[in-house]
Amino acid sequence: MAQADIALIGLAVMGQNLILNMNDHGFVVCAFNRTVSKVDDFLANEAKGTKVVGAQSLKDMVSKLKKPRRVILLVKAGQAVDDFIEKLVPLLDTGDIIIDGGNSEYRDTTRRCRDLKAKGILFVGSGVSGGEEGARYGPSLMPGGNKEAWPHIKAIFQAIAAKVGTGEPCCDWVGDEGAGHFVKMVHNGIEYGDMQLICEAYHLMKDVLGMRHEEMAQAFEEWNKTELDSFLIEITANILKYRDTDGKELLPKIRDSAGQKGTGKWTAISALEYGMPVTLIGEAVFARCLSSLKEERVQASQKLKGPKVVQLEGSKKSFLEDIRKALYASKIISYAQGFMLLRQAATEFGWTLNYGGIALMWRGGCIIRSVFLGKIKDAFERNPELQNLLLDDFFKSAVDNCQDSWRRVISTGVQAGIPMPCFTTALSFYDGYRHEMLPANLIQAQRDYFGAHTYELLTKPGEFIHTNWTGHGGSVSSSSYNA
């Protein structure tokens, strides 16, 4: 007899925790795993005493579901998702729903959405953020795909999502086809940026200010009471305080080679594809790439010279406040760039995205959760057509208030030989964005000189002109040479 409200396939820790979360909110969940013994183990241990039911096969699982059947896939992105979909489709009926909760590439989600729509199956690709803890007690959920599915999953999704403010769920419908997974991808890219910015602040504290771990931990704890209040600042303070079994700080013992799963890279690639200068996330990805060259860096450190020791001007306390302001200003730039990419993607794919709603989805439950996101939500509520966060009065004023500190930090860091790829690219973007005239006119002249690519005059927009710069060429308007 059909009794389960929803099924979940994939009993790794995330899957188990999401099932227990749904159970806590009164939903009956059917659990399935490719290795069936894992279902029995889960029911006998973590799910003991709950209403969770198990299935011994996909057919058994489908038979236990109320209609329309709702199935969440929480398996490795890629071929595994397609394999399960292929096995599920013959067992499902028109109007049934498959939900992919993994970190799938948004184009795959769009393809699956279209393929399944032709077969009468409703497909949803949902970003799920917050890690194992979030899955258990309230993640940020970013569903997109076939909107006909939303009324049938909304109650479950919004019940289990993190809550902020007066109980607003960090979950709402994002948009058509791959929109949900695109938004999750950008979220992950911003996460890369936030983490790298914090690392650069830590590097400056350690090597310019010579702060001890307990001093740095205290600084981050204080910062967490300001506009930087966020999950990542909070855990950074905890990491700096943490001591190993020998009583010494653990952090200095950790190999300085950062891993990555690829979603930051996807964001940077998408930015290039859609012509958006999402420079900070790109630099955050490259910083991890550089960190992975550990052996080369060890050799280079013995051969390549840097600047002499720089004497810090002013007090350590005032420079620490400068670092805080530089971090805040750079963070604003990162989010401004992320939302630029979302806006461009919406134009490319015809999505109707609620940018304030997206900020709310990220406000709780996820890795980038912060008070700061509430300010972004407010900005888009004031002006839903806001072209760039930097043009909102609140953020314009915030950056202006931080600007002198930001420039001092970068100047001091450069003179001290501290790598600050994200601090510096953030300021470069800000300066570029606020310039009415950039030297790109010279690039256009160069392109026309060697490739006859033409240019426009400021006084004649829309009219493309080629100049015979040497007197030897013809007056062709373009050539096969591109740059």
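Here the Cβ of each residue, glycine as well, is placed from N, Cα and C on the backbone.
Summarising the annotation, Swiss-Prot assigns active site, proton acceptor to LYS184 and lists similarity to another entry as the type of evidence. The Cβ of LYS184 (active site, proton acceptor) has ASN103, SER126, GLY127, VAL128, SER129, MET142, THR263 as same-chain neighbours under 8 Å, each 6 or more residues away in sequence.
Residues near GLU191 (active site, proton donor) in space but far in sequence (CB under 8 A, at least 6 apart, same chain), listed by position: LEU232, GLY264, ILE367, ILE368. What Swiss-Prot lists as active site, proton donor is GLU191.
Its Cβ placed at the centre, ASN103 (NADP(+) binding site) has 19 other Cβ atoms within 10 Å. Taken from Swiss-Prot, the feature NADP(+) binding site covers 10-15, 33-35, 75-77, ASN103, 478-481, and the record attributes it to similarity to another entry.
The substrate binding site feature in Swiss-Prot is assigned to ASN103, SER129, GLY130, GLY131, HIS187, ASN188, TYR192, LYS261, ARG288, ARG447, HIS453; the stated evidence is similarity to another entry.
When other Cβ atoms within 10 Å of the Cβ of LYS38 (N6-acetyllysine) are tallied across all protein chains shown, the result is 18. Following the DSSP three-state reduction, the secondary structure of LYS38 (N6-acetyllysine) is helix. Taken from Swiss-Prot, the feature N6-acetyllysine applies to LYS38 (among others).
The phosphoserine annotation in Swiss-Prot covers SER57 (among others) and is backed by a large-scale study or a structure entry. Mapped onto three states, the DSSP output places SER57 (phosphoserine) in coil. Counting only same-chain residues six or more apart in sequence, the Cβ atoms lying under 8 angstroms from the Cβ of SER57 (phosphoserine) belong to PHE32, VAL36.
Annotated N6-acetyllysine per Swiss-Prot: LYS59 (among others), in sequence order, evidence recorded as similarity to another entry. The Cβ of LYS59 (N6-acetyllysine) has 11 neighbouring Cβ atoms from other residues within 10 Å, across all protein chains displayed.
According to Swiss-Prot, the feature phosphoserine maps to SER129 (among others). DSSP assigns SER129 (phosphoserine) to a strand. Residue environment of SER129 (phosphoserine) contains 25 other Cβ atoms, counted within 10 Å of its Cβ in all protein chains.
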Alpha-carbon distance [LYS38 (N6-acetyllysine); GLY10 (NADP(+) binding site)] in Å: 9
Local backbone state of VAL13 (NADP(+) binding site), from DSSP in three classes: helix
Candidate with sparsest Cβ neighbourhood (10 Å radius) among GLY10, ASN33, GLY130, HIS187, ARG288, the listed binding-site residues: ARG288
Residue from VAL13, ASN33, VAL75, ARG288 whose C-alpha is spatially nearest that of LYS59 (N6-acetyllysine), among the binding-site residues: ASN33
In the chain carrying VAL13 (NADP(+) binding site), residues 6 or more apart in sequence that have Cβ under 8 angstroms from it: GLU132, ALA135
